[in-house]
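Copied over from Swiss-Prot:
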BINDING   11, 12, 13, 14, 15, 16, 17, 18  ATP binding site
BINDING   13, 14, 15, 16, 17, 18  substrate binding site
REGION    36-39  region 'Interaction with substrate tRNA'
SITE      102  site 'Interaction with substrate tRNA'
SITE      124  site 'Interaction with substrate tRNA'
REGION    160-164  region 'Interaction with substrate tRNA'
REGION    243-248  region 'Interaction with substrate tRNA'
């Protein structure tokens, strides 16, 4: 049986990935596998710039709306789901098109997963209790003692990752930094062609981000977050779903911690920082072809032709 093939289209947020993916779908019988850690959540449509109903009707999309905002999704589960979907899509005679910008998931898919333990509910509850009693700063100082390398890499207010790093240490007796340094060789069970949209004009990307954020507000983003607070009362500012860019800033605004203008400025700034991190990841990622989404169009046309050649069409 031939080895399955998959074409990956990567790029920063607001960089034209969805538009190009739909153009590819006009040319090839593809099914899209979302590479976006925010799109997995139901009831979070506006702030995640989720593909519209008409776009999802035009071409099948996978790994969208698969969990509630109070549930969790991981890189390990993405690798499992994506690998399975590549096989299923290929068996249907279609071409898998992986589209998104969650580079941690892509790295896990292409380079393999570290041998980290699964989350432990009892230990996590104990860490949460310590945070409530002594504060997040106490947990961060503890991490500095047992895993200074990871502590240096994390921000002191990164509650989720600080908790996870301590969890790994307490479960294994070894710091997370040691686990990450012992990654085993990884062989993909499919052929992969990796393309990326990398804008040369960063000012244009920043402008797109601001325009899209304001459009989200017009579409009812604040109301969407208000609905999340009502429908899922266990959500907090530290919940993984609310850590999605824009949602944390909206949450703070609804808590009364910021005014509307500050919320907008912080939301746009956070999205631009996300794009910067994504571009940093992309510079370290082996790429088969690159296009500028803001060029005259011929650059993106080359990516479409590259996809056709890769799939032998």
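Positions of Cβ are set from backbone N, Cα and C atoms, glycine also.
Given the structure is predicted, the values throughout are model-derived calculations rather than measurements.
Of all the Cβ atoms in the protein chains shown, 21 others lie within 10 Å of the Cβ of residue 17 (ATP binding site).
Long-range contacts of the region 'Interaction with substrate tRNA' (243-248) within the same chain: residues 13, 37-38, 41, 44, 47-48, 160, 213, 216, 221, 225, 228, 237, 267, 270-271, 274, each at least 6 residues beyond the stretch ends and with a Cβ under 8 Å from a Cβ of the stretch. Most buried of the binding-site residues 11, 12, 15, 16, judged by other Cβ atoms within 10 Å, is 12. Sequence-distant neighbours of residue 124 (site 'Interaction with substrate tRNA'): residues of the same chain at least 6 apart with a C-beta under 8 Å from its C-beta are 163, 167. Same-chain neighbours of the substrate site beyond 13, 14, 15, 16, 17, 18, judged by a C-beta within 8 angstroms of the site's C-beta center, are, in sequence order, 11, 12, 19, 101, 197, 208, 293. DSSP assigns residue 13 (ATP binding site) to coil, not to a helix or a strand. In sequence order, 49, 205, 208, 209, 212, 271, 275 are the residues near residue 14 (ATP binding site), counting only same-chain partners six or more apart with C-beta under 8 A. The DSSP secondary structure for residue 102 (site 'Interaction with substrate tRNA') is coil. In sequence order, 49, 101, 209, 245, 271, 274, 275, 278 are the residues near residue 13 (ATP binding site), counting only same-chain partners six or more apart with C-beta under 8 A.
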